[in-house]
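Trainee: My structure is below; once you've seen it, I'll send some questions.
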């Protein structure tokens, strides 16, 4: 018996590559056409519910202000992204103004991430400098910081799009003026990445680490004080157990918030740092698919906050359920019942034990 070996020729290999490229491109197109509707359908109502729930609480604090502001920016981000996605998909006339206003998508995304930084900073001061918190973190300073950040991000985003971007003669596609193409590709690409992604993510991770360290040290100090206390020993132990339970829940929430935020933005970091252009159609198709997947993750970060608040903060959950069941009069008369337990939010915010 003789055996024969068959080798694939170059045309067969080329056909296999072509079919794989077509499959990857089709998958990329399917994800692009569907995912924003899913994220918007989940995230936009959640952010609206978050704003309504926070604003109906008995007192507007710095934490509740930042939480509602975050929800507002998240809702704006999802709305603008979906609008421009549909305008581009259906080849709707944009014109010069429509192309220049496209900066709103990146602008609101960056604003949302920096509000998370403010939330972490507020919690950092509350945990690590509790005696100075009332002086350092005030409503007025929170409003001023938010306004300054709004202007600081609005100016570069708006000016760059106004002077560098425009529509083609058909008015349906946007592009960059020829003299600015190199800066747009090599300069603004990295500037935008650091403003929107790398710097906020670094700040959130570092501040969260300091918060957890501060909670750990305060727990050790509290136990030492309780052991040396000779009066009210039983009551002190009960207090210590209750405080530690609250701090443990806050710590878990902080770790979860930082972990989820990092996971959702990690693909964007990998793509920005690892992407290399290639002449190979298959490699380019794989990068396009990965690019679309990182958009799914990063855009989802604007849709998960409400659910994190709901499942991690009993006070937020109670307030939302009161609002959802339309118990308005009972909510007014028994507001303390709907707002009595307090831990916090997604990337760290409703976690204000004492104030929220």
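Heads up, the Cβ atoms here are built off N, Cα and C, so glycines get one too.
Curation does not apply to TrEMBL; its annotations are automatic.
Worth saying up front: this structure is predicted, and the values here are computed from it rather than measured.
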Trainee: Under TrEMBL, the annotation transmembrane segment belongs to which of these stretches: 171-193, 194-216, 217-239?
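Mentor: Checked against TrEMBL: transmembrane segment maps to 194-216.
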Trainee: Averaging the per-residue pLDDT over the domain 'G-protein coupled receptors family 1 profile' (46-309), what integer do you get?
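Mentor: The predicted confidence over the domain 'G-protein coupled receptors family 1 profile' (46-309), as a mean pLDDT, is 85.
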Trainee: In the same chain, which residue numbers or ranges, 6 or more beyond the ends of the transmembrane segment (143-163), come under 8 angstroms Cβ to Cβ?
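Mentor: Distal contacts: 65-66, 69, 99-103, 106-107, 110-111, 114-115, 118, 180, 188, 191, 195.
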Trainee: Sort out the residues at least 6 away from either end of the transmembrane segment (62-84), same chain, that have Cβ-Cβ distances under 8 Å to it, and list them.
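Mentor: Contacts with the transmembrane segment (62-84): 36-37, 39-40, 43-44, 47-48, 50-51, 54-55, 102, 104-105, 108-109, 111-112, 115-116, 118-119, 122-123, 137-139, 142-143, 146, 299, 302-303, 305-306, 309, 344-346, 349-352, 355-356.
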